[in-house]
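> Structure provided below as structure tokens; questions to follow.
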Ligand SMILES: Nc1ncnc2c1ncn2[C@@H]1O[C@H](COP(=O)(O)OP(=O)(O)O)[C@@H](O)[C@H]1O
Ligand SMILES: [Mg+2]
């Protein structure tokens with residue numbers, strides 16, 4: 001650390017000296033960093049226009065009253081936190097995201113292993129088939145699921161009935177509906193994990209397993225001491241990425257349950273839509289969606305810090 | 001602590017490619033055996049079958065009195081050093097070396113004692129906390145050896161352990177490996193394609209080609225009495241010269257070179273070569289038996305004049321390349337002898353060390 005600061009101090013001095021002479025503008029234009037910034041400018045402007053500006057605007061919006069005539073500070077946030085429905089939304093979003101991501105990662109990991117052990121050409125076919133859920137437009141496939149879950153005319157209840165069981169109101173009862181929403185998300189998201197973990201598995205050198213076998217490791221120990229450590233980065237990154245996407249999920253809940261029954265499947269995004277667009281309180285909707293930010297930022301910070309550390313250790 | 005026996009072992013990969021075509025090899029306890037041969041001859045496959053990493057198609061492998069055909073690697077009590085070291089990148093040097101012991105539930109202080117001891121032998125005590133990424137090639141090589149040593153296994157297996165090192169380090173680590181074997185005598189099977197490595201390390205060298213063993217023997221024996229043309233050409237650098245000759249009786253048994261020069265066969269070889277009279281054979285003569293003419297000549301040294309093509313001064317010797325009727329020939333002469341391209345140089349061929357090879361069977365007769 002001490003080295004780092006002293007080096008930057010040494011570098012800063014000549015740079016300042018170079019800026020000092022009066023023919024400043026010319027020299028300034030010739031400096032490499034200036035040119036670099038200029039050449040990156042179109043992208044910077046694009047990002048500023050499409051990401052930073054809307055984000056700032058959203059923050060501004062969230063601090064207005066319903067008719068957007070008055071600045072209310074953090075009033076909307078305080079109001080939300082006191083509402084039972086919103087507390088339910090926080091709980092449901094966390095439940096939904098955490099459960100779905102864990103299940104997706106777990107299933108993806110298992111399927112990737114199965115896939116990895118299918119020899120040669122067959123593997124390509126299976127891999128292609130398992131990717132299907134991921135490539136169908138989500139809104140479309142969710143509609144099929146909605147039909148499958150239908151109480152009177154659906155395939156699931158038809159099977160249950162013909163086996164002699166009662167029909168299940170899949171989307172009509174709180175916990176059933178929560179389960180259904182998570183199940184569809186898992187169905188949709190698992191292929192992503194599968195393909196990422198399969199690629200990671202293929203990149204673990206075979207000789208490490210051979211060395212471990214000779215060192216005395218069985219299948220479980222190889223998994224614990226070779227596979228998992230070698231895949232920790234990809235696991236961390238996929239989980240974080242999926243956590244963000246799943247937290248912000250909209251389509252599945254919107255189509256399957258529209259947040260019902262009794263708001264018991266609402267997530268941040270669907271609730272923000274329902275409050276902001278359907279009920280016309282845009283500032284409140286903005287504050288709902290902004291609630292995701294701190295939660296995700298904290299998660300991202302810790303995960304990415306671990307990834308950086310491990311990358312420095314392992315990359316050879 | 002263990003002999004290794006390889007009996008009629010065959011390895012066929014899918015598509016009926018036979019990588020190893022039925023080899024027999026008895027390795028004594030504490031012996032250092034080197035499998036050497038050109039790339040693709042089945043050395044690694046053989047070693048990996050001993051390790052248990054490759055299934056044996058037919059035949060038997062014994063380690064220390066037990067058939068191990070169906071024993072998994074972890075129960076064979078062997079240790080292996082891989083060409084690219086195969087160190088666990090996420091573990092420190094200490095953990096890399098301790099991993100096998102931890103899995104075998106050794107007590108902590110015993111693990112530490114063994115790792116420290118191995119680190120001392122290999123001179124890597126200062127590196128124990130580092131990750132493999134922070135090591136040089138030679139240091140990684142040492143760690144890989146340390147991982148094998150701490151286990152104190154019945155057999156060490158090496159698969160081209162020095163191939164990834166630069167030339168200088170390779171020579172240094174070669175000595176290191178030999179020293180380790182002297183310090184901790186353990187049955188060792190070592191695979192390499194480098195005949196110099198094989199000669200310098202081995203108690204016995206096994207020369208393989210196309211999935212079969214060509215010859216087994218101590219380095220000196222292989223060098224002086226090769227059994228086949230392949231071994232004769234593979235062992236030794238620069239390689240043995242091969243010249244087509246005809247065996248004939250012209251007032252004594254002689255071999256006639258393609259350019260018409262006739263060389264008298266030494267009297268002690270006449271009985272051996274007699275039966276091949278009239279046959280087309282190959283004469284094998286190592287470059288060091290083709291030298292400048294010396295004052296004190298032994299019997300059976302004959303003079304051959306050559307037209308020098310290329311001269312390569314090596315310092316302690318000079319290599320002279322020329323052609324005999326289109327066949328390239330190399331001679332090793334004293335550097336003080338004058339030699340220059342396109343000049344005639346008289347050479348002495350020491351026929352006491354000649355080899356005669358049957359063209360059909362490829363065997364040295
Ligand atoms: N997994 C495999 N599948 C098919 N053929 C193989 C396999 N591994 C090795 N071979 C073949 O077996 C032969 C011997 O290989 P190997 O033992 O690795 O040779 P080397 O003597 O260079 O170590 C080669 O011709 C190689 O192509
Ligand atoms: Mg090999």
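Glycine is no exception: its Cβ is also placed from the backbone N, Cα and C atoms.
Curation does not apply to TrEMBL; its annotations are automatic.
Found this in TrEMBL, in case it helps:
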type	residues	note
TRANSMEM	A:35-60	transmembrane segment
TRANSMEM	A:89-114	transmembrane segment
DOMAIN	A:90-303	domain 'ABC transmembrane type-1'
TRANSMEM	A:126-148	transmembrane segment
TRANSMEM	A:179-200	transmembrane segment
TRANSMEM	A:234-256	transmembrane segment
TRANSMEM	A:282-304	transmembrane segment
> Check the transmembrane segment (A:126-148) against each of A:35-60, A:89-114, A:179-200, A:234-256 and return whichever range has the most CB pairs under 8 Å.
A:179-200
> Return the stretch with the most CB pairs under 8 A relative to the transmembrane segment (A:35-60), choosing among A:179-200, A:234-256, A:282-304.
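The stretch with the most close Cβ contacts to the transmembrane segment (A:35-60) is A:282-304.
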> Taking residues 6+ outside the transmembrane segment (A:282-304), which of them lie with a CB under 8 Å of any CB in it?
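Same-chain contacts beyond the flanks: 58-59, 61-66, 68, 72, 76-77, 79-80, 86, 89-90, 93, 236-237, 239-240, 243-244, 247-248, 268-269, 271-273, 275-276.
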